[in-house]
Amino acid sequence: MTETKLPITIKANRRLVHQYLATLCVNIISLAQGTAIGWLSPFLPLLVSANAPLEAGPVTDIQATWIASLLCVGAIFGTVIFGWSADKFGRKFSLCMAAIPLLGFWACVAFGGYVELLYLGRVLAGLGAAGVFLLVPLYITEIAEDSIRGSLGSFFILFINMGTLVSFVVGSYLSYHITSYILMILPIVFLLCFIHFPETPQHLIRCNKLEAAECSLKYLRSFTTSPEHVEMLKSEMTTMINQVHPNGKDSSEDSSIKLADFAPFSTKKAILIGMVLVTLNQFSGCFALINYTANIFAESGSDLDPNVAAIIVGVIQIAGSYVSTLVVDRFQRKGLYVVTAFGSAIGLAAMGVHAYLKGSGYDVSAINWIPVASLSFVIFIASCGILPLTFVILSEILPQKLRSFGGSMCTTFLWVVSFIVIKYFPVMVEVLGMHGCMWTFAGCCTFGMFFNALFIPETRGKSIEEITLAMEGKSKN
């Protein structure tokens, strides 16, 4: 009986199944992290009100800014810890460890009646965020094939945004404590599911665990024992080994990072681009706007209930993230980034105009829809491009050997910038006015548009080797 050969498309789809499953499963922790980020919007106004659920009573405005920004402080230290752990103990183990501080955050919210415990909880949430923002893109980059690496990478921001929306919805309709009890379940679900998936082949190769790396790759590519698949497995293993150990050295000689590893121009360029990208990611204003969504709508004079407006923004944010998963591997990264940065700048500028007119005493009652519409547009367009592409591009342009360490450097810098933006956003509003803040963010998006067009190489559909050559200004023969 002759074997019926499947069409190439069906074979390709079957080959990708386990990569999609692993990506969906690892992003459960992204969903959990998103809930910790989104928790602030519905509950910060409650914490400063007379109905605050804390035993010690309402928090002050200064304490509220610390509650908002301490997540970033925890993330700064957490990035160093998880960057070291990722290389020492592996991506999988480190991701599992990132779930523990998230559990700690929800425990502090559920059982803590004092602002000091909220401080501790936000620091723990930051530790978890460091692991999630560093390790999830890294894990996906190392398990994904070149053809779908961008699409799978964009799932990260999609799940972060889904978690944010979950917090917006649950926090708007359930009590402070019930919300924490429910959302505490997500890190546990992640641990129960993700433990069944393999370590990345690249890390196993780096540790000279070639047999385990082969098993991991075989699972991720859905290879069978057929001669054709055996040959494909050997070929891809050889390619990965050459990428991890380009000079043919074993891990004991080649795995430690030396100052000389930073000498190549392409490495310096990659790290500098990474630093600029994460800075622009935060100064696009989206993270600050998401954290203060309810407050912004309350101050804008919008007729919508602030929490309802926040939910609307959350839904639109998810829509943008979903669109990103569809287009990121169909269009050039550069073009997508430029278009979405330009769109974000337009939306932020419109918000600034509304805030300026309102602050100048003009009657804006007829255009009170502008803050909701503009912010929704900004969140949608940014979620389509500049927000997910930051992490996709960053994980692609860093050299294989420095991917974890370089990613840690850039992610640490991201959280430093994020702390500054979130902690001092209320101060910026006082000094510059809401209109000045929006126009500043719009200017940063405009700068990002030109920076990406001029200095960042196209990475869509390219192998790691081709991207490295592009960073050096060369092309593969």
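Even glycines carry a Cβ here, placed using N, Cα and C.
These come from TrEMBL:
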type     : residues : note
TRANSMEM : 20-44    : transmembrane segment
DOMAIN   : 22-460   : domain 'Major facilitator superfamily (MFS) profile'
TRANSMEM : 64-86    : transmembrane segment
TRANSMEM : 93-113   : transmembrane segment
TRANSMEM : 119-140  : transmembrane segment
TRANSMEM : 152-174  : transmembrane segment
TRANSMEM : 180-197  : transmembrane segment
TRANSMEM : 270-290  : transmembrane segment
TRANSMEM : 310-328  : transmembrane segment
TRANSMEM : 335-357  : transmembrane segment
TRANSMEM : 369-393  : transmembrane segment
TRANSMEM : 405-425  : transmembrane segment
TRANSMEM : 431-455  : transmembrane segment
Legend entry - Result, the transmembrane segment (180-197) in contact with the transmembrane segment (93-113) (3+ CB pairs under 8 Å): yes
Inset, instruction - Please figure out which one of 64-86, 270-290, 335-357, 369-393, 431-455 racks up the most CB pairs under 8 Å against the transmembrane segment (310-328). - result: 369-393
Legend entry - Contact yes or no, the transmembrane segment (335-357) and the transmembrane segment (431-455), 3+ Cβ pairs under 8 Å, gap 6+: yes
Legend entry - Recorded stretches the transmembrane segment (64-86) and the transmembrane segment (431-455) touching, at least 3 CB pairs under 8 Å: no
Legend entry - Chain residues outside the transmembrane segment (119-140) and at least six past its termini with a C-beta under 8 angstroms from it: 22-23, 26-27, 29-30, 32-33, 36-37, 66-68, 70-79, 81-83, 86, 91-92, 94-95, 97-102, 104-109, 112, 149, 152-153, 155-156, 187, 200, 391-392, 394-395, 403-404, 407-408, 411, 414-415
Inset, instruction - For the domain 'Major facilitator superfamily (MFS) profile' (22-460), provide the mean pLDDT of the predicted model. - result: 86
Inset, instruction - For the transmembrane segment (405-425), find every same-chain residue at least 6 residues outside the stretch whose CB is under 8 Å from a CB in it, and list them. - result: 65-66, 68-69, 71-73, 75-76, 79-80, 82-84, 86-87, 126, 129-130, 133-134, 137-138, 257, 267, 270-271, 274-275, 277-279, 281-283, 285, 287-288, 291-292, 394-395, 398-399, 437
